[in-house]
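Input: a single structure, listed below in structure tokens.
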Amino acid sequence: MAKEGLPEITLPDATGLRVAVVTARWNAEICDRLHDHAVTAGRAAGAEVSEYRVVGALELPVVVQELARTHDAVVALGCVIRGGTPHFDYVCDSVTEGLTRIALDTSTPIGNGVLTTNTEEQAIERSGAEGSVEDKGAEAMVAALDTALVLSRIRADRG
């Protein structure tokens with residue numbers, strides 16, 4: 001697993017920010033870990049965190065879109081593991097495109113913590129499991145909060 005170029009992850013001071021975490025229930029063990037780590041990071045940064053669950057990754061964009069209207073940032077979490085059909089590609093492309101479009105259309109940061117892996121082992125390695133090198137739930141939260149703070153500063157500078 002490549003970690004080259006990954007910036008050091010530090011919690012920003014997100015006191016006063018409202019962030020929502022939306023987590024898919026498919027691949028529950030992995031998604032629950034992503035969820036717990038994202039929520040823990042958000043609260044440790046001082047953000048007000050609200051939590052929501054959806055069935056699968058395809059349901060994430062519509063809920064994220066609604067929450068983007070009322071929150072400073074939203075974190076989307078899920079896990080899509082490649083199977084034997086092209087369905088994997090359709091789901092991954094659709095979710096990624098949807099989350100990106102929502103962020104751009106609403107100017108609300110969306111932390112994309114949807115794992116798209118070839119194997120369950122790869123997903124576990126990225127989910128913050130004990131001994132894993134990556135923690136995509138916490139990383140998605142930090143990215144969303146950090147971006148919300150940058151946007152807040154830009155908006156304040158505009159007056």
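Our numbering is plain: 1 for the first residue shown, then up by one each step along the chain.
Glycine is no exception: its Cβ is also placed from the backbone N, Cα and C atoms.
Feature annotations, reproduced from Swiss-Prot:
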BINDING   TRP26, ALA57, LEU58, GLU59, CYS79, VAL80, ILE81, ASN112  5-amino-6-(D-ribitylamino)uracil binding site
BINDING   GLY84, THR85, ARG126  (2S)-2-hydroxy-3-oxobutyl phosphate binding site
ACT_SITE  HIS87  active site, proton donor
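Structural mapping of features recorded in Swiss-Prot.
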{"residue": "TRP26", "record": "5-amino-6-(D-ribitylamino)uracil binding site", "CB count, 10 Å": "17"}
{"residue": "ALA57", "record": "5-amino-6-(D-ribitylamino)uracil binding site", "CB count, 10 Å": "26"}
{"residue": "LEU58", "record": "5-amino-6-(D-ribitylamino)uracil binding site", "CB count, 10 Å": "17"}
{"residue": "VAL80", "record": "5-amino-6-(D-ribitylamino)uracil binding site", "CB count, 10 Å": "22"}
{"residue": "ILE81", "record": "5-amino-6-(D-ribitylamino)uracil binding site", "CB count, 10 Å": "17"}
{"residue": "GLY84", "record": "(2S)-2-hydroxy-3-oxobutyl phosphate binding site", "CB count, 10 Å": "6"}
{"residue": "THR85", "record": "(2S)-2-hydroxy-3-oxobutyl phosphate binding site", "CB count, 10 Å": "8"}
{"residue": "HIS87", "record": "active site, proton donor", "CB count, 10 Å": "11"}
{"residue": "ASN112", "record": "5-amino-6-(D-ribitylamino)uracil binding site", "CB count, 10 Å": "24"}
{"residue": "ARG126", "record": "(2S)-2-hydroxy-3-oxobutyl phosphate binding site", "CB count, 10 Å": "24"}
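When each of the binding-site residues GLU59, CYS79 is scored by how many other Cβ atoms sit within 10 Å of its Cβ, GLU59 comes out lowest.
DSSP gives THR85 ((2S)-2-hydroxy-3-oxobutyl phosphate binding site) a coil state; it is part of no helix or strand. In this structure the C-alpha atoms belonging to GLY84 ((2S)-2-hydroxy-3-oxobutyl phosphate binding site) and ASN112 (5-amino-6-(D-ribitylamino)uracil binding site) are separated by 24 Å. Secondary structure from DSSP puts VAL80 (5-amino-6-(D-ribitylamino)uracil binding site) in a beta strand.
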